[in-house]
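The structure appears below as structure tokens.
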Amino acid sequence: MLQTSDNKIHVANNMMDMDQDPRKRLCFADGRRKVDYVLVYHYRKRSSVRGSPSQHRLSIISNGSYPLGVEEKDQEGRKDEPAEVVVDVGPPDPADGEKIMIREEFEGNLKDAGLEIEHDKENKAHGHAFIRLHAPWQVLSREAEFLKIKVPTKKSYELREEKGLAATMNEVWRKLNQPFQPKVPHQEQEHSRTKFLSHCFSRDKLHLYNIKSKDTFFDNATRSRIVYEILRRTACTRTCQTMGITTLIANGVYDSAFPLHDGDFHPSGQAEGKNDRQLLHDEWARYGAFYKYQPVDLIRKYFGEKIGLYFAWLGVYTQLLIPASVVGIIVFFYGWATVETNIPSQEMCDEDQNFTMCPLCDRACDYWHLSTACGTARASHLFDNPATVFFAIFMSLWAAMFLEHWKRRQISLNYSWDLTGMEEEETGHEKLTWRDRLPGYLINISSILFMFGVTCSAVFSVIIYRITISALMAMSSDPEVKSNVRVTVTATAVIINLVVILILDEIYGMVAAWLTELEIPKTETNFEERLILKAFLLKFMNAYAPIFYVAFFKGRFAGRPGDYVYVFNDYRMEECAPGGCLIELCIQLSIIMLGKQLIQNNVFEIGIPKLKKLCRTLKDKERAPKEIVEQPGRRQQWHLDYDLEPFDGLTPEYMEMIIQFGFVSLFVASFPLAPLFALLNNVIEIRLDAKKFVTELRRPDAIRAKDIGIWYNILSGLGKFSVIINAFVISFTSDFIPRLVYQYMYSETGTMHGFINHTLSYFNVSNFKPGTVPSISSLGKDITFCRYKDYREPPWSTEPYQFSKQYWSVLAARLGFVILFQNLVITMSMLVAWVIPDVPKNISEKLKKEKTLLVDVFLNEEKEKLQLIQSLFSRDLTQEQQEELKVSDQTSLPLQQTQPGQLPPTSSPAPRTRPRAASFSQFTRQMSMSPRSDITQHTAV
């Protein structure tokens, strides 16, 4: 802080005593005014001279003041000592001088807006300077009314108590849930039976609010949000044509701007003496609290509604993964239990069947027996069984139920957080024509198509890798290498896919941000929605392109023996494994899902922040001893918070969960254990994100939001898209439909016996093209026919190697199942959405009751004002009637008693008391109702 008295300058020191009250570390130097926001900039001084402060332009300003005792003590101690003044002789860079002028104008405008500012003492040649901002009550009340912030009133009512069986069940459920509830003192008060009505803050109705202390009426998150709104709309018009702190940070005028955390997060004492940050750390951000519910209300209070809604949504999603995981485990164990009785698997493992299969590659590969693929067939049955169809239907209904449950939860949170009736705050700044936006749109469309091409090229490159490595390993003379060709190629190809996906994810995130800036969105919300949509499209394509290839394209265009499709005229297109492509789809999905989550969680979210922190620590140790000596004592909270990582938004957190939701819902028919792995990941993810928000990130700005925005639309779209994908996976990727067709159309006994022979076609080895016959055959030279998996006519048919009637029957059944599955599941999903109301009944009743009570409160207030005004008018009317009676008595004297030219005697009237109305509108409204309006038309003569 700065004061000038006797040519002395007092600058707020940025260090305090070690034994100071932790709460004072969040205040100005006077220990009373809270630090609501902090601005940081980098300064560089030329020189420091001693002299009078009036001789130079000072680089530090403040409108604060020390307590009286501190000021007098300081003046006595420096009575004969000349003041040391930091003089801005002139910056070495003209840009620095321009930034100083911009900061001076911006801070002056902040003062004009009512904020109080405190500066640091710049005691080094260069470094970071911290500007503390404080919003007094006048500013808080003005902005709270402007922002329509809802606050509790004095009016309260008792919630209705449930009776009978419902009350008993709720009590039992509450006791069962008691060990899983976080120990938050505020939460016990919020769950009491008394509910206070809330209303938008108004300075004209302060008597309605329960204001015990003006310093604590608005919590820290609300105070910082109010200051941020002022920073966001404050403009610099004299030095630069910019508006808002965001633009100034982008231009390098300030390094950063952030609100402060509520002190240290390390525990200190009992729960009652802990601040909100310590409570969040102990009850939410510890891995030991993984079994507890999240303190969502405390998260909202500390971080704001937007972040609170994210963690509430993540909690609902994780809870609903529990039943999905249980059903998935049951389906998996059903397949494991029935694998021994599965007839197709037994036929494939039966060596007596002696199915001689055609070579898997040209020249180097030999004929082989189908019984060698016994392990693959048995593994395929774990995921390809009749229970997976039921699980696919279940998960489609689960997705619809999840969305409906979240809508109800969201409405409940809006009610408890006083977000009902919240209006949009942002408006567009400037109107741009379609000609201004056309170049950006064209670049966007072309760039997104180009990125899609990059993704497809990466997938195609991995396909080429699989084909070439398979051919090279098949040519090996080592029999062990030949036997492990498929496993080795599949595993290495999936790992390569995973690495490519992780690299392209980071690239696509930057590309999406650049493309969104080209569109010049009108508002921040519009910018965020467009950024999310582009990033989702690119990352969705990147994550699922390899899986889509395995599910719907692999083996479909490979051709047949004697007429294979070749790549670069040398390599045959790859085919599915003997057990089908579903087992490969399962392997691909599981490795990408688990690898992506583990690497992103452990490397990107844990390793990289710790690496950055280590680099900052090493840099601090390498600082000059002079700089270290200049910072004695305990560091203030703004220094500690500045060392933390800045908050980059919730988009990466949402994106990770949305991609995971796609893994759980889209291809769940091929991997029933996906919900289980998602559940285990989310249990860790919640605590990991909590620890990051509480201990490793600067405190974000508290932003109001009544829903999760465009993410809900993306979830809804994925839920509907998953119905189509699962229908096609069951129909075309698995053998569920061919088994049904065989059992009910072609089986002589009505069982699955003979199914494998039915699905294998014959090929005459004499019809191989020259150069493709196996060079060395261990099975002998007496092989006439080999088998391959397809529905084609045999070589002795009139139309050899053409699609058979069985093929068209199976295709028709597959298409019919897709149509039936889609309509059935979508109808059931719509029925679920219709049965479950969006607004819970108790919330609807509470909203109606509170609206009625608020109307009664304001009607009673207006009635009291009306009675007060009428009493004042009636008192004034009585005084005027008495005055008129006196005047009439004096004028009734005989006129002849008065001499010519002499005026009748009059008495001076008593001074008139003016009534005080509550407001101008009420005064004008009561004028026509008051009886005074008729009397004031008569004039005394």
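Just so you know, glycine gets a Cβ as well, placed from its N, Cα and C.
So that you can see what the record holds, here are the features copied from TrEMBL:
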- 27-296: domain 'Anoctamin dimerisation' (DOMAIN)
- 299-850: domain 'Anoctamin transmembrane' (DOMAIN)
- 310-336: transmembrane segment (TRANSMEM)
- 387-403: transmembrane segment (TRANSMEM)
- 441-467: transmembrane segment (TRANSMEM)
- 487-515: transmembrane segment (TRANSMEM)
- 536-553: transmembrane segment (TRANSMEM)
- 657-680: transmembrane segment (TRANSMEM)
- 708-732: transmembrane segment (TRANSMEM)
- 811-836: transmembrane segment (TRANSMEM)
- 883-941: region 'Disordered' (REGION)
- 890-901: compositional bias 'Low complexity' (COMPBIAS)
- 909-919: compositional bias 'Low complexity' (COMPBIAS)
- 920-941: compositional bias 'Polar residues' (COMPBIAS)
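Of the Cβ pairs linking the transmembrane segment (387-403) with the transmembrane segment (811-836) and spaced 6 or more residues apart, 3 or more are under 8 Å, so the two regions touch. Along the domain 'Anoctamin dimerisation' (27-296), the predicted structure has mean pLDDT 76.
Non-local neighbours of the transmembrane segment (536-553) in the same chain are 448, 451-452, 455-456, 458-459, 462-463, 494, 497, 501, 504-505, 508-509, 511-512, 581, 584-585, 588-589, 592, 596, 655, 658-659, 662, 666-667, 670, 714, 728-729, 732-733; each lies 6+ residues outside the stretch with a CB under 8 Å from one of its CB atoms. With a cut-off of 8 Å between Cβ atoms, the residues of this chain six or more beyond the transmembrane segment (657-680) that come close are 314, 317-318, 321-322, 324-325, 327-329, 331-332, 383, 388-389, 391-392, 395-396, 399, 536, 539-540, 543-544, 547, 551, 582, 585-586, 589-590, 592-594, 596-597, 711, 714-715, 718-719, 721-722, 725-726, 729-730, 733-734.
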